[in-house]
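J.: Following this message is one structure expressed as structure tokens.
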Amino acid sequence: MKTRHFLSLFDLTTAELEKVLQRAAQLKALRRGGECYAPFPQKVLGMIFEKASSRTRISFEAGMAQLGGSAIFLAPDHTQLGRGEPIEDTARVLSGMVDIVMIRTFGHEKVERFAACSTVPVINGLTDYNHPCQLLADMQTFIEHRGSIRGKTVAWIGDGGNMCNTYLEAACQFDFQLRVAIPPGYEPNAGLLERAAGRVVLLRDPCAAAKGADLVATDVWTSMGKEEERQQRLQDFAAYQVNAQVMAHARPDALFLHCLPAHRGEEVSADVIDSPQSQVWDEAENRLHVQKALIEFLLLQNSYN
Ligand code: CP
Ligand code: NVA
């Protein structure tokens, strides 16, 4: 059997994704109840970070420790990867030493090339293209506050980057309607737009996207790696802030989500992100629970190989 990886939401079936989300809720309850669940002693997660991170690093490292294993943080400037060792060679070497790998990097093809040579599961911890672990946490958060997301309406407002792309993947896998409001020139991936056809509408007006929405989500205007475009982006996205005026078009019980880190006064106003509708703290915490469920799923899947 081929090694299972998690590079996008399409790497698991809808049934498998739902199983992971249900397990995440169980693991959260276990932890809240103070119960120790450590089924993976001696299992080691290798974490390659070519971009900065707070939540992803902490949630994977803490999660692995809670599961009874451990994690190794690998930064490019302190490994041979940063000196040009081929990603394929690194994958083969790591496969012989650790049990599972997480990578955060720039080009998505890098995680694909790594996974193609890895005999242990590889988890995408964010690329320029997508951020599937974050969407697992977003789905868990919506479900725990509002129940199933199937058939619901989600508004995505702002940049059509990695987070927006992953909302397109989620619209397909979890079967919800997605309305994206994006300024010209910042549209999400064309292939994903095509794949989500029938479930996605591309708009220019944030209020039109938010109309009747059950969930409103956004992300920073300037993602990691795009810092040089920051001034231009501040101008181009000025009309795309999620604020009280935009939220007023959504359902009164609509949730607000943001993967964080957030810039109050840019993509979201302080009164929205700090309002009772905002569930960004649960969303951040759920990274821990849902990634533990994902690690468990992948380690058990691959132990049958
Ligand atoms: N949301 C998220 O991935 O946060 P970090 O960049 O802090 O990992
Ligand atoms: N779109 C953001 C997400 C950060 C978690 C970025 O790529 O920087």
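Every residue, even glycine, has its Cβ placed from backbone N, Cα and C.
Automated prediction, rather than curation, is the source of TrEMBL annotations.
According to TrEMBL, the protein carries these features:
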type    : residues                                                                                          : note
BINDING : SER53, SER54, ARG55, THR56, GLN80, ARG104, HIS131, PRO132, CYS133, GLN134, CYS259, LEU260, ARG287 : carbamoyl phosphate binding site
BINDING : ASN162, ASP219, SER223, MET224                                                                    : L-ornithine binding site
DOMAIN  : 4-144                                                                                             : domain 'Aspartate/ornithine carbamoyltransferase carbamoyl-P binding'
DOMAIN  : 151-297                                                                                           : domain 'Aspartate/ornithine carbamoyltransferase Asp/Orn-binding'
J.: Could you find out if DSSP has GLN80 (carbamoyl phosphate binding site) as helix, strand or coil?
T.: helix
J.: What other residues of this chain sit with their CB within 8 A of the center of the CB atoms of ASN162, ASP219, SER223, MET224, the recorded L-ornithine site?
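T.: Not counting the recorded site residues, we get LEU126, ASP128, HIS131, ASP159, GLY161, MET163, VAL220, GLY225, LYS226.
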J.: By DSSP assignment, list the helix, strand and coil residue numbers for the domain 'Aspartate/ornithine carbamoyltransferase Asp/Orn-binding' (151-297), in that order.
T.: 63 helix, 27 strand, 57 coil
J.: Measuring Cβ to any atom of ligand 1 with a strict under-6 Å cutoff, which of the binding-site residues ARG55, CYS133, CYS259 qualify?
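T.: Only ARG55, CYS259 qualify.
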J.: How many Å separate the two farthest-apart Cα atoms among the L-ornithine-binding residues ASN162, ASP219, SER223, MET224?
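T.: Roughly 12 Å, rounded to the nearest whole number.
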J.: Quick one: which of the binding-site residues (CYS133, ASN162, ASP219, ARG287) have their CB closer than 6 Å to ligand 2?
T.: ASN162, ASP219
J.: Are there any residues at least 6 positions away along the chain from ARG55 (carbamoyl phosphate binding site) with a Cβ closer than 8 Å to its Cβ? List them or say none.
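T.: Once residues fewer than 6 apart are set aside, ARG55 (carbamoyl phosphate binding site) is near LEU260, ALA284, ARG287.
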J.: Among all chains shown, work out which of the binding-site residues SER53, GLN80, ASN162, SER223 has the most CB atoms within 10 A of its CB.
T.: ASN162
J.: Can you tell which of the binding-site residues (CYS133, MET224, CYS259) has the fewest other C-beta atoms within 10 angstroms of its C-beta?
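T.: Checked CYS133, MET224, CYS259; of these binding-site residues, fewest Cβ neighbours within 10 Å: MET224.
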J.: Between ASN162 (L-ornithine binding site) and GLN80 (carbamoyl phosphate binding site), what C-alpha distance do you get in Å?
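T.: It is 27 Å, counting Cα to Cα.
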J.: Over the domain 'Aspartate/ornithine carbamoyltransferase carbamoyl-P binding' (4-144), work out the mean pLDDT and round it to an integer.
T.: 97
J.: List the helix, strand and coil residue totals of the domain 'Aspartate/ornithine carbamoyltransferase carbamoyl-P binding' (4-144) as derived from DSSP.
T.: 73 helix, 20 strand, 48 coil
